[in-house]
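Enquirer: Please find one structure pasted underneath; my questions will follow.
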């Protein structure tokens, strides 16, 4: 969760909250690889940014893979101040998050195996009645953060 910032033309900037809603938040969460219940937050809920306000009037349908695919103003065209910086919460503990109960695992549950402590190990997922591993192709800190939140 936090203030949404985008990188364009060599600089980071914020997004104005005009038209900002949960469908936009859904796209941000998807773009970041985060699951849970997307929630749009307005009026610099996570604090005011600095630098340019790069986007305004963002209007996603909710199905896009990235903000760049959404209807929006041209880059840098805005009528806002940083008090209107947009934020997002991708809370993994609400909505679609799955909680693991070791004795009664459900589809999509995750666990860590083979580690020296309960907080580390090989990531395993429960699917179709069996536990399996996760391939590390494309694995990043974002994926690890999602697993840690899910656990």
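From the backbone N, Cα and C atoms, a Cβ is placed for every residue, glycine too.
Because the structure is a prediction, the values reported are computed rather than measured.
According to TrEMBL, the protein carries these features:
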type: DISULFID; residues: 16-80; note: disulfide bond
type: DISULFID; residues: 29-90; note: disulfide bond
type: DISULFID; residues: 60-70; note: disulfide bond
type: DOMAIN; residues: 1-91; note: domain 'SRCR'
type: DOMAIN; residues: 110-151; note: domain 'SRCR'
Enquirer: To the nearest whole angstrom, what is the C-alpha distance linking residue 70 (disulfide bond) and residue 80 (disulfide bond)?
Expert: 19
Enquirer: Sequence gap of 6 or more, C-beta under 8 Å: which same-chain residues meet both conditions with respect to residue 29 (disulfide bond)?
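Expert: Spatial neighbours, sequence-distant, of residue 29 (disulfide bond): 35, 36, 38, 88, 90.
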Enquirer: Name the residue among the disulfide-bonded residues 60, 70, 90 whose Cβ has the smallest number of other Cβ atoms within 10 Å.
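Expert: If we count Cβ atoms within 10 Å for the disulfide-bonded residues 60, 70, 90, the smallest count is at 70.
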Enquirer: Return the residues near residue 16 (disulfide bond) by Cβ distance under 8 Å, restricted to its own chain and a separation of at least 6 in sequence.
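Expert: Set apart from residue 16 (disulfide bond) by at least 6 residues yet with Cβ under 8 Å, we have 53, 55, 56, 57, 78, 79, 80, 84, 85, 86.
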